[in-house]
Amino acid sequence: MDKMPKWADVVLIPLISLFLAALLSALVILGIGEDPVAAVKLMVDGALGSTYGWGYTLYYATNFMFTGLAVAIAAHAGLFNIGGEGQAMLGGLGVALVCLLIPWPHWTLALVFAALGAGLFGAAWAAIPAYLQAKRGSHIVITTIMFNFIAAAVLNYVLVNLLRPEGSMDPATERFPEAVHLPSLHELLAPIGIEFSKSAPANVSLLVAVGACLFVWLLIWRTPLGYEIRSLGKSEPGARYAGISSVRTIMIAMLISGALAGMMAVNNVMGEAERLVLNATEGAGFIGIAVALMGRNHPFGVFLAAILFGFLYQGGAELALWTSIPRELIVVIQALVILFTGALDNMVRMPLERIFLAMRKGQN
Amino acid sequence: MDFLTIIQLLDSTVRLATPLLLACLAGLFSERAGIFDIGLEGKMLMAAFFSAAVAAATGNVWLGLLAGIGSSLLLAGLHGVASITFRGNQLISGVAINFLAAGMTVLIAQDWFQQGGRTPSLIGGGRFTPFDLPFAESLSGVPVLGPVYSELLSGHSILVYIAFLAVPATWWVLFRTRFGLRLRAVGENPAAVDTAGVSVVGLRYAAVMICGLLCGIAGAYLATALQAGFVKDMTAGRGFIALAALIFAKWRPWHAMGACLLFGLLQAIALRFQNIELGGITIPVQAMDALPYVLTVVILAGFVGKAIPPRAGGEPYVKER
Amino acid sequence: EPALIFDLGGKFDKSFNEAAHGGAQRWAEETGQSYREVELQSEAQREQALRRFAEAGANPIVMVGFAFADALGQVAADYPDTKFTIIDMVVEGDNVRSVVFNEHEGSYLVGMMAAMASKSNTVGFIGGMDIPLIRKFACGYAEGVKAANPDAKVISNMTGTTPAAWNDPVKGSELTKAQISQGADVIYAAAGGTGVGVLQTAADEGILSIGVDSNQNHLHPGKVLTSMTKNVGNAVFEAFTDGADMETGFSVMGLSNGGVGYAMDEHNAPLISAEMQAAVDEAAAKIASGEIKVHDYMSDDSCPALSF
Amino acid sequence: MTAPAIELKGISKAFGPVQANKDISISVAPGTIHGIIGENGAGKSTLMSILYGFYKADKGEVWIKGKRTAIPDSQAAIAAGIGMVFQHFKLVENFTVLENIVLGAEDSGMLMPSLRRARKELKALEEEYELFVDPDARIDEIGVGAQQRVEILKALYRKAEILILDEPTGVLTPSEADQLFRILDRLRAEGKTIILITHKLREIMEYTDTVSVMRRGQMTATVKTAETSPEHLAELMVGRKVLLRVDKVPARPGAPILEIENLRVVDSAGVERVKGIDLTVRAGEIVGIAGVAGNGQSELLEVLGGMRPGTGSIKLHGTPLPLQGNGSDAAARRDARIGHVPEDRQREGLIMDFHAWENVAFGYHRDPAYRNGVLMNNAALRADTEAKMQKFDVRPPDPWLAAKSFSGGNQQKIVVAREIERNPDLLLVGQPTRGVDIGAIEFIHKQIVALRDQGKAILLVSVELEEILSLADRVAVMFDGMIMGERPADQTDEKELGLMMAGVAGEAA
Ligand SMILES: Nc1ncnc2c1ncn2[C@@H]1O[C@H](COP(=O)(O)OP(=O)(O)OP(=O)(O)O)[C@@H](O)[C@H]1O
Ligand SMILES: Nc1ncnc2c1ncn2[C@@H]1O[C@H](COP(=O)(O)OP(=O)(O)OP(=O)(O)O)[C@@H](O)[C@H]1O
Ligand SMILES: [Mg+2]
Ligand SMILES: [Mg+2]
């Protein structure tokens, strides 16, 4: 007998946690002498009030879908992949190499191969921690943290010493050729008569991200491989009993996870910046953790949570632009969301369970 | 490299190893008690800010130190509530605390000082000043040992000496006191401690609070001794390097000191030299930056002795049948 | 309403960005009008900030730092009615004004002062990110040092290769200690926020330092020999003043038009002898008139006075 | 009359929806051994953990030596003179014996003097009670018997007057168990009071003075041991007459199905667990492996089930099966038509958070019957589950219920249904009825016998001698990784097997 209904676990708890996080965030805004209502209004206005705002919200959401899915799929295998940031950085390198080294005739082809390149590089960056976890039991949380730092160093080296164009002062690659320019939502929607902001960076990668959500959903809940991943995540001895190779499954789950994180680069590197800069990921790999926690590791939940965080991100940028509230406010909000949905969920769950138990006793 | 350069390099190693060492010992207490802590970074950062802020406001560095420790203890308490009382995921709690510190420090700094997330530069009594060991001046003339004593050993801030004294103290507490025995036991098998009539929760909170205390000193050192004020993100990953050192040291105090000195040396080298020529090959500075992390992965991979964490580490304690 | 975008160092870096901030503040005080500003958190936000201000109708938009060049190149054409000013870099465009400075000239002057103030005949240079622009500072400085004292030695270090190098006071401090141990007793920091660490450590260790961009003499009174001022504030002030109908194109700010110089005030007055000041002022006049030609590293990517 | 050493009055305790103890009262006289028996999950351990302050009762009072005593935590229990040896030892594995003993009972803040005093005291205790252990050995270096002695020493070091032992003999050989009871006798002679939880009626009959029976959270009876019989106790335990023997016709063994030769297993710590076993299981017979837990039976079953590597040879229908590397995993064993009911259904046999229908595919999830192209055919799987639930009388027959929501017996039925309905040539069965009530036991036993009667081979591992004797046709006894001997089930008895389990080899093997 469960202590409470499933919907309470899946919907009610995250919502209450989110509410608590929002409440505390409001207190923080009050604490720095600003008006939380005005701040929220500005955020909503800036992030959702125009197609320009939506364009940025969806652009960020695209990033977070990829990294959130990456965290989620690893979590299904019982692994905490904190390495999304590093994997996404390397994914950027993959995209840059694909876009710069090969003269693509059309963006569609470039997109496919850039996604492959990003996935490959991201997966490769996840492969070593995955292998060490699977074969040697090295704690993947620590190894992926270490690999984030190593990725930053590698990218730094590559951008400064190898890919920086002659005579440029920026540690960044040169601009990708015009041919690999991905159509933005403006360009996609104009033919069907929808006016979408021209300057917002949301682009066709959004569709790729939505596709990835669907793919992960099918994979996890509808394929034998997903079944194996979930089984391993729930019980390692069980997996051994069922003939599910933990090494193989950990490797596959982490490779997919790394590939998804890496594919974020299609959006931010190829779709937006159109060149690879330092710190292109802007912490999206870490936000993936919050997104997956919020979304309860379900692709649909990840989709919704990614949009929520896209909103927070764009809203936060607007705050920084138009008020004296620093952008770090969203880091605080993000921290509170992770704290309440991830680490303190028992604080919500325990009393809730008691309430449901009492309600059931009352009925009997 | 001449003798003086080497002394200088080691001198800077000591300075740079100090925050690592304090944070590493902090992690050691927490993890030995079975509470994983990837929030060392956040606690240090918070402490760095509050120590600098209070030192700037009062002009008294000791008050700053206290404030830094207090803020770090607050975050440690939060980690305790999440991972001990509510049996939450310790790793996630640590991640949240890191973000919380990264955001709150800048937010508060901006609110208080309007300097884009910094504190004003600390002057005079707002900073820890070098602390000269006895006879440092008069012995500096003695060949070899003179410079070693007066340049390398003497002239650091008092917190440096505290950090290095904390090593034998940690060893002594862990292995020679009742508290230490219980603390180690609770990290290995909390049920054994519980059935022996000792409070698991109490012990773990104590460990987490000691962790907070040491992280607080580490943060205060960064902002009020190593530098003169807070700038955002000034911990720059030191909490993670400390974590790496902790694994490298396999959770043992003396080894922790060795690991921190090694990583401090790597930082010192990376700070002073951009690219290093070694027998014809150039080692890029990025390689030096990444080396502590690479070494940690190698250790974790078990190629150089296996790092076995405390057995109950990371697991919330639930009484079971 | 004009807008100002700071680079990653942040507007209170006590140096480059702060100088720009000062100019904007001066404009706001003198005209009683307001302006918009934003500090970036990451590389990726440059374009967003530019577009957002342009969308919101800010005009002109001023950005400080060479790193905006690429983003501006993308954005400028999309907003033909908006005027942009970029500092430290040249960007083509009908609606873009590019302002660059002859930092080598100012650096030459402070180099002379360093050489004259040095007792050990060894002076130091600590640069921020290792890019041609900073080498330009270093090269001019070295030439100035040699001009005042041909036997003097110049030790030069760069802080790093990424924008993080602008904001790493610890590294600045460590490099300062290293240079001191090599005998330097005057150190010139051209490193943005990193310079804060340089000046601090120099003051702690009892040697002289030279500030950059803003007048940094007040940071450690009596310990900062002088500052190489780069009148970024003026550039911002002018752009704001010119407003929406400013003249676009390319403008060079040097010694002759007050774009660069060295700072004198009550904080460093005791450090500068009349003789030093006379020598420097003479050189300044000669440079302005073209009699002395200071080598510009960026003209041929080489430096006769210093090797990197 | 002296006051009872312990008196519990009206103790109740619920874990969420599970009422583990309901209004329980007992009283135990000082200087006696009091037994507590009851089925798995009856609430015995819960009750004792409450007495020891490990759990807090929802309701009820505890009286010690005639005084009402609040026991909010173990500290209070220890202060009241209560010591407890848990079913799963509570020792710090990488500490020494001495450190484990002083842990929580140190004299002062300094460790060294405490250790010195404990060393002296330990000597005295050892001699007094014959509780020998090396004080400087690490716990993970000593055997379970010695670990148990450490637990008892821990209690005595804390001056316990009342000693609770929860299933102490489950992990001991018969001779170790005898030694334990000699120690208990001595303690009783000293006036100490002992509470003994056990499943073994023999131990109750031989060593206790009084005995209480628990059923479904309630105390159903407390009687003087001298005035009762095993049959009567069994009846009290389950609420009806118990049929100990399984109904079955004599086996008609056919061709060998499984042939094991010189099988060896080394565990991850490098310890050899199975040391060269030869065994044959024929079609139409049930071979039972008896032995005290931890003598290599689990490893034997696991290597056959493809859960761990081994060396030597195993053949199925004469075809060798690989023991390492490719083709040696559990999936390959299933392909070879080997079914496996694992020892631990909750850790291995089921994913507790999965729905019943997902668990029915567990291990067979790549079966084409459950496939629909690259995707899984969940509808077919659910239909199949419903059929299996009907046939095996799983209650409630709801495929959508999570495995953890079924009771132990019904969980086991799901596992058994999954494995037996595959109609395997060889069925490996580990502890099929552990934690399962008597009704389900009968059902599961019947299914196993039916499979045998279809001419399939069955290898049964159980620590319950009774189960082995009633279900198996042939019994092999394992001790220390080796087979001590084989007997036809109807030509041996518990006594002979018990000797072999203690390492005394039988005559002809
Ligand atoms: N910590 C717990 N949380 C939830 N339920 C529990 C817990 N401990 C025991 N239970 C439940 O309480 C009931 C009684 O369990 P208990 O362990 O006391 O039984 P037992 O008689 O000792 O059984 P066994 O013979 O298997 O040891 C069972 O239904 C069990 O599932
Ligand atoms: N740890 C636990 N947490 C939650 N519920 C539990 C726990 N342990 C047991 N239960 C639930 O308590 C109930 C009784 O469990 P238990 O295994 O003791 O049943 P049982 O009466 O022995 O049944 P069966 O005769 O089928 O074995 C079941 O519904 C089971 O799901
Ligand atoms: Mg029990
Ligand atoms: Mg049961």
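Each residue, glycine too, has its Cβ placed from N, Cα and C.
Here TrEMBL flags A:57-80, A:87-104, A:110-128, A:140-160, A:200-220, A:241-264, A:276-295, A:302-323, A:329-348 as transmembrane segment.
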Remote residues contacting the transmembrane segment (A:87-104) - C-beta distance under 8 A, at least 6 residues beyond either end
66-67, 70, 81, 110, 113-114, 116-126, 147, 151-152, 154-155, 158, 163, 173-174, 176-177, 179-180, 257-258, 261-266, 268-270, 275-276, 280-281, 284-285
Could you tell me what the rest of the chain brings near the transmembrane segment (A:329-348), counting residues at least six beyond its ends with Cβ under 8 Å?
13-14, 16-18, 20-22, 24-25, 28-29, 39, 286-287, 289-290, 293-294, 309, 312-313, 315-316, 319
Do any residues of this chain, six or more beyond the ends of the transmembrane segment (A:200-220), have a C-beta under 8 angstroms from a C-beta of it, and if so which?
51-59, 61-62, 65-66, 69, 72-73, 76, 111, 115, 182-186, 188, 226, 229-230, 256, 260, 263, 266-267, 270-272, 298-300, 302-303, 306
Count, for each of A:57-80, A:110-128, A:140-160, A:241-264, the Cβ pairs lying under 8 Å from the transmembrane segment (A:276-295), and report the range with the highest count.
A:57-80
For the transmembrane segment (A:241-264), sequence-distant contacts whose Cβ falls under 8 Å of one of its Cβ atoms, 6 or more beyond its ends
62-63, 66-67, 69-71, 73-74, 76-77, 79, 81, 83-85, 87-88, 90-91, 94, 115, 118-127, 129-131, 133-135, 140, 208, 212, 216, 219, 225, 228-229, 231-232, 281, 284-285, 288
